[in-house]
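Annotated in TrEMBL:
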TRANSMEM  B:12-35  transmembrane segment
TRANSMEM  B:42-59  transmembrane segment
TRANSMEM  B:65-88  transmembrane segment
TRANSMEM  B:100-120  transmembrane segment
TRANSMEM  B:230-252  transmembrane segment
TRANSMEM  B:258-281  transmembrane segment
TRANSMEM  B:310-328  transmembrane segment
TRANSMEM  B:334-353  transmembrane segment
TRANSMEM  B:389-407  transmembrane segment
TRANSMEM  B:458-475  transmembrane segment
TRANSMEM  B:508-527  transmembrane segment
TRANSMEM  B:547-570  transmembrane segment
Amino acid sequence: MLEVRELNSQYGGAKILHGVTMTLGANEVVALLGRNGAGKSTTMKSIMGMVRQKSGSVLYEGAEMLGRPSHVICRAGVGYVPEERRIFKELTVEENLSVGKREKRADAPEWTLDHLYTLFPNLKERRRNLGKHLSGGEQQMLTIARTLMGNPKVVLLDEPSEGIAPVIVEQMAHVIAELKREGLSVLISEQNLHFARLVSDRAYIIEKGQMRYEGTFAELDAQPEVSAKYLAV
Amino acid sequence: MGFYLAQLLTGLANASSLFLIACGLSIIFGVTRIVNFAHGSFYMLGAYLSYTLVTHLSALGALGFWGGVLVSALLVGVIGLLVEVLILRRIYRAPELFQLVATFGILLIIEDAALAIWGAQDLLGPRAPGLSKAVRILGEPIPQYDLALIVIGPVVLGLIWLIFHRTRWGVLVRAATQDREMVGALGVNQALLFSSAFFLGSVMAGLGGALQIPREAVNLNMDLSVIGDAFVVVVIGGMGSVTGAFIAAVLISVLNAFAVLVFPQISLVLPFIVMALVLVVRPYGLLGKPGSEKGAPADPEAPLRPLNPAGRLAMGAVVVILALVPLVSADFTMILLVDVLIAVLFAASLHFIMGTGGMISFGHAAYFGVGAYAAALVVKWLGLSMVPAMIVAPVASGLAALVFGWFCVRLSGVYLGMLTLAAAQIVWGVTFQWQDVTGGDDGIIGVWPAKWASSETAYFYLALVLCAGGVWLLRRAAHAPFGYMLRGIRDSEIRAEAIGVDTRFHQWMAFTFAGTLAGLAGVVSAFAKGSVFPDVLNISSSIDALIMVLLGGIHTLLGPLLGASVFVLIESWVTRLEYWRFIFGLIILGVVLIAPDGLAGALSRLLAFLKARIRPGTDTKKEALHGQRS
């Protein structure tokens, strides 16, 4: 589905990623684990064409995406949910959703407003409210719903559990399970090992811009020294 | 009573004109984050085109007039679209300075093109058929056309509101105004969105200009004279807010209509005073949102490096060679070289604010001018001689920078730049109007150097010592802990604050320091020329300094030195030609598009390339990086 090979990225003079390689299979949920500043967000932004200085390869369904503008990558079927809930604060919930709307895709599920409102009942109640008047959890739900309006096949979820209440984290886990049930592939970046284990099939660990570990959670649990070294704070 | 109502209606009619041009500017800024000086040119082109079209279509009556106006607006939209696609699209990721200077280059080109097509004389356009008379309201004659304008403004506001809230395109534009990168990641083609927004904005500028022909003569100064007020309106309203622009246009125009009754000279400065007051209370304008001040996202800066021994040697050599020039060359060369030295210090002081301090200034000429005028005034009114004047002048400009800087550092991004522009315009306006003291447009003459410095050679040495000394001080400051702090604040204000740096204080001091040295450049210039005129304070003069910094390359401390030298040399050659603005505009665009890291950057790339050829196996990229930042 998505294959990243030897990805190097930098901002100005600062190199962030050093030869990152990873894959995301069809209908798979994969966690990208790592501490703050390890390079999780930069990996996602590089896949999405939002980092300018980069080299390597990002293959989506066999086609090279590296160097293409983000709207082309999005239209190809890759949805991106940013961290820090970058909703459009001065637009209403429904306007936010309409910005994300794209044509129906033959090979991916179509998300209608009704379908999204069943998945995110809060948003329906607040559909006429401005983005800035939503709670943190509602904003997080809105960013996901907005990306789903583009009917993606692959979703990149950047730190979905960051800074939201435990009850919303639970709802988030439910949403990710629903995405998998609908046949999507999901890459989530996480610092929260517990949450990642709950929702994903496999994990990568990134540290200082390099991949340090790849495997299932069972394998990761068998080597406590790995998570102690790369994840413990 | 009738008289006051008439004033109010005149104010409202002016507000409509101002709103049309300002809302286009605001839309363009909101989406593309470009501070577009060429918007004034689009306004002027709208007026010229509609003058030609409406005159030719006059047989058709009202249809000819309104048809001509609309077609001109659309034609201007197409011209704007061409400018966007051919030039601006390439520099969306460049620092604000590039965009600003590039749009100024476009302004110069359009100005000379208009001169070639329509000539230099003022053109009086026809009146609108059916609206050419005045109606009496409470006994006062009110032009019918003014009443039409009063209606047109709110109607256009309503139409734009509908487009922005009822169409998908409008929703996308509003979304892009808040976070354009995210809009791209959601699958929207930014290039198309930018181009279409630019088209709409240019149409509005063209419409504003086209509707102006029955009210004022079309002339070649319309571009720069309107752009200052348009910026003010956009900033007061909040950048990117169309409704804000409307409120601000009404506020400014109505205030102005009444203020001139009390104090006729105020109209030049009033908009800028209002802007300064509004920004101090509301740093994002009336309806602006936090974040609306940010320009285009640019790559972070690489660290500055101190000069290596070879570089120091080279700089020393340049000073020594300059010191030897009088032995071999004529007076004319020395006069030119004094101009170069002055420009170098002026540009270096601006670079200190922008490159090291990370604050954009559109009004640096204020401090240069205050220095020059302070010297001239103490010579003229107190009878002081050159040396005391040279001490008083930088202190005066430093004080001016201290006062204005206090307000400016409270803002950031484009708002800060606009407030510096406002400060410069206020100083210019006061100087221009206060005839009894400053001589107004006639300036102050007879500012001659002391006897010992009156020969070309002696004054050249004096200028060399003062300017080289000033540049050395600026470099010292950039590499001192003070400079580290400034760069830290520039790169991340939040982090600098978190480690206990008083960010505002440091920026304030940097502003004052740079203003003081600009004043030093100003006083050297005043005595070199023997006179001072208000021109040294105007927008063009501030932009000259920006061009010098850009020409040299903003990322290096050597940049302004090179840029200022080349600028003065090119200017002294090109201004003798007939269409020099056109040529100069082309040169500016050439630099922006071909050598975006400026001459210093281009030079060090060339050096690195040569080095790699001579010593195969060295890492070219690394060398280039080193070279660029020295």
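Glycine is no exception: its Cβ is also placed from the backbone N, Cα and C atoms.
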Stretch in B:65-88, B:389-407, B:458-475, B:508-527 most in contact with the transmembrane segment (B:258-281), if contact is a CB pair under 8 A: B:389-407
Stretch in B:42-59, B:65-88, B:334-353 most in contact with the transmembrane segment (B:547-570), if contact is a CB pair under 8 A: B:334-353
Best-contacting stretch, by C-beta pairs under 8 Å, relative to the transmembrane segment (B:334-353) and drawn from B:12-35, B:42-59, B:65-88, B:389-407, B:508-527: B:508-527
Outside the transmembrane segment (B:100-120), six or more residues from its ends: residues with CB under 8 Å to it: 34-41, 44-45, 48, 51-52, 83, 87-88, 91, 218, 220, 223-224, 362, 543, 546-547, 550, 579-582, 584-589, 592-593
